[in-house]
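S.K.: Sharing the features that TrEMBL gives for it:
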type	residues	note
TRANSMEM	6-21	transmembrane segment
TRANSMEM	33-54	transmembrane segment
TRANSMEM	107-126	transmembrane segment
TRANSMEM	146-165	transmembrane segment
TRANSMEM	177-201	transmembrane segment
TRANSMEM	368-385	transmembrane segment
TRANSMEM	414-435	transmembrane segment
TRANSMEM	514-532	transmembrane segment
Amino acid sequence: MSGAALAVVVVVVFLLALYLLQRYGDLRRQQRMVLLGTLLSWYLCFLIVFILPLDVSTVCKRLQLFEARTNQTDDNSAVNPTDSILKVCEEPWSYIPDAILPVFWRVVYWTSQFLTWLLLPFMQSYARSGAFSRVGKIKTALIENAIYYGTYLLIFISLLVYVAAHPQWKFTWTELQTIGITAANTWGLFLLVLLLGYGLVEIPRSYWLASSHGYLLAKTYFKAAKVATEKVAAEENLADVMEEVAGVHESVRYNHCLRKCVDTIITKVRNTCVCLMLYLQRLQSGSSSERRLISVISAVQSHGQTQVQWSILLEEAFHLEDVAKSQSSPIRQFIHSSPSERHASWIHRFIYTPTVEWYWECVLRQGFYRLLAVLLCLLSAAVVWSECTFFTTHPVLSLFAVFVQMAEKKHNYICIEMVCFVSILFLCVCVYSTVFRIRVFNYYYLVPHHQTDAYSLQFSGMLFCRLTPPLCLNFLGLIHMDSAISHQDRIQTSYTSIMGSMRVLYFISDGFYIYYPMLVLLLCFATFYSLGSRCLNLLGFHQYITDDHLTADLVDEGRELIRRERRKIQKAEDGENRRWVNI
């Protein structure tokens with residue numbers, strides 16, 4: 001069974017990355033290079049997360065084999081190995097041969113780093129560029145990425161000067177490689193702690209609040225009011241852009257030198273099935289045509305995203321209103337206000353019947369979500385405690401290290417893998433879910449239902465590749481598998497050996513990597529009291545805050561918008577029914 005677990009994980013992780021890309025990206029319309037780069041970056045990062053528990057269990061197995069052979073050698077009177085040694089020497093089904101993991105980690109890690117620092121930033125700027133030629137797009141991409149390359153180069157040179165000034169160190173390829181890895185991990189750890197501190201509090205709280213239908217309905221009304229405003233702004237912006245494009249189409253003749261640029265802009269418009277309005281306006285220069293192309297792409301994407309978000313919010317609001325009506329109904333069957341909301345699939349006909357749906361939505365859902373929120377809250381508390389105490393090895397205070405060491409003493413490798421998998425998966429969910437939730441104005445925003453633009457997809461791939469290595473190193477520190485932090489002389493994981501010895505830079509391994517993660521405690525307190533949301537609310541970016549008067553006004557506005565849309569849909573359905581009756 002050697003390598004069987006590795007093969008299974010490789011296939012499952014690929015399917016997971018492909019599913020997420022299909023959910024957020026448009027596999028038909030977006031560029032193949034954009035989809036391939038995003039898929040590869042997500043796939044490699046998820047591979048690191050899922051393979052690392054197998055690496056930990058393999059190290060524990062190697063350590064037990066070494067101790068068994070040592071005990072057998074010392075016991076000269078024993079002719080045959082004892083039963084306990086035979087039990088130790090049995091390889092678990094997930095055991096990976098020593099020669100596979102180092103090569104695997106080198107390929108995965110360096111490919112992900114090449115993607116995040118070189119290829120994806122270039123492709124990101126290339127896809128967003130408004131230039132009409134490939135040379136112009138490449139030139140724009142190189143100029144825009146100078147700041148990314150400069151930031152990384154500045155960190156690398158600073159660490160290089162530090163190493164060169166130390167009299168005991170000599171420049172070797174291994175040390176230079178370790179310095180580069182350390183610089184990249186240091187950059188990622190800054191952002192990692194911020195995202196982790198938010199996710200550790202927000203994920204358990206979101207499930208606890210989701211158990212209340214009243215809270216969900218009020219928040220949906222609030223979102224509806226915000227999205228309605230964005231929808232109107234997007235429609236007005238698209239109308240202005242279409243008016244400008246129509247004027248360009250009329251003013252630039254077919255023998256004009258910029259006619260090819262105009263045809264490119266009109267192609268973008270026609271591909272989105274938007275009606276072109278005919279007005280008169282003059283095209284002045286090539287640079288203005290590039291800006292018009294960028295404005296067309298941005299306006300069309302924003303309009304499509306707001307339309308999809310609005311339809312999703314309508315479905316959620318209608319469903320939550322139906323839940324509220326069904327809770328007060330004496331009939332224990334879920335009643336949909338519109339027959340079209342009830343899907344005619346075999347699952348809904350035979351399994352998820354109206355009675356089953358009523359028990360789930362009105363009885364079981366609240367208790368299940370609250371139980372899940374309590375479990376997630378306990379995991380968050382364990383992570384915060386371990387982040388603040390993982391550097392203490394005598395006694396061992398990190399809870400994850402305690403669980404792993406207890407399972408290691410009992411030679412229970414399945415338990416080791418489960419503890420590691422649950423721990424690192426929870427850390428990744430806290431970090432990655434924050435990446436999927438955050439919105440940086442209209443430049444970065446992951447929208448489901450195939451509405452995410454190429455820029456945001458590639459930016460998420462860059463973030464994943466930069467956050468995953470420091471997250472895995474932090475996890476190895478939590479379970480005392482990183483000797484640079486725990487200062488224990490033991491067999492290292494293959495992943496740690498690829499990272500190199502962090503002891504080359506003592507102020508990083510003994511200072512930054514130990515004390516900086518403690519800031520997660522302060523970030524958890526800030527998230528718990530919604531300090532970030534309150535600050536954004538003061539700056540004019542409306543957030544859902546229960547004790548805010550503006551939030552209450554937006555909730556009332558959203559409720560009225562939903563009622564208006566429900567009446568509109570009901571009138572349309574009544575008219576359709578009357579038409580069929582007359583026929």
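Keep in mind that glycine also has a Cβ here, set from the backbone N, Cα and C atoms.
Each of the listed features needs to be described in terms of its position in the shown structure.
M.R.: Outside the transmembrane segment (33-54), and at least 6 residues removed from its termini, the chain residues within Cβ reach (under 8 Å) are 5-6, 9-10, 12-14, 16-18, 20-21, 25, 27, 94, 96, 101, 104, 108-109, 111-112, 115-116, 119-120, 123, 127, 416-417, 420-421, 424-425, 428, 454, 457-458, 460-462, 464-465, 467-469, 472, 475-476, 493, 495.
Non-local neighbours of the transmembrane segment (107-126) in the same chain are 33-34, 37, 40-41, 44-45, 47-48, 51, 137-138, 140-142, 144-145, 148-149, 152, 184, 454-455, 458-459, 461-462, 465-466, 468-469, 498; each lies 6+ residues outside the stretch with a CB under 8 Å from one of its CB atoms.
Here the transmembrane segment (368-385) has long-range neighbours at 196, 200-201, 203-205, 207-208, 210-211, 397-400, 423, 426-427, 430, 478, 520-521, 524, meaning same-chain residues at least 6 beyond its ends whose C-beta is under 8 angstroms from one of its own.
Distant neighbours of the transmembrane segment (514-532): 189-190, 193-194, 196-198, 200-202, 205, 380, 383-384, 387-388, 390-391, 474, 485, 543, 545; these residues of the same chain sit at least 6 beyond its ends, with a Cβ under 8 Å from one of its Cβ atoms.
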S.K.: So what's near the transmembrane segment (6-21) in sequence-distant terms, Cβ-Cβ under 8 Å and 6+ beyond its ends?
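M.R.: Long-range Cβ neighbours of the transmembrane segment (6-21): 27, 35, 38-39, 42-43, 46-47, 50-51, 54, 96, 100, 104, 457.
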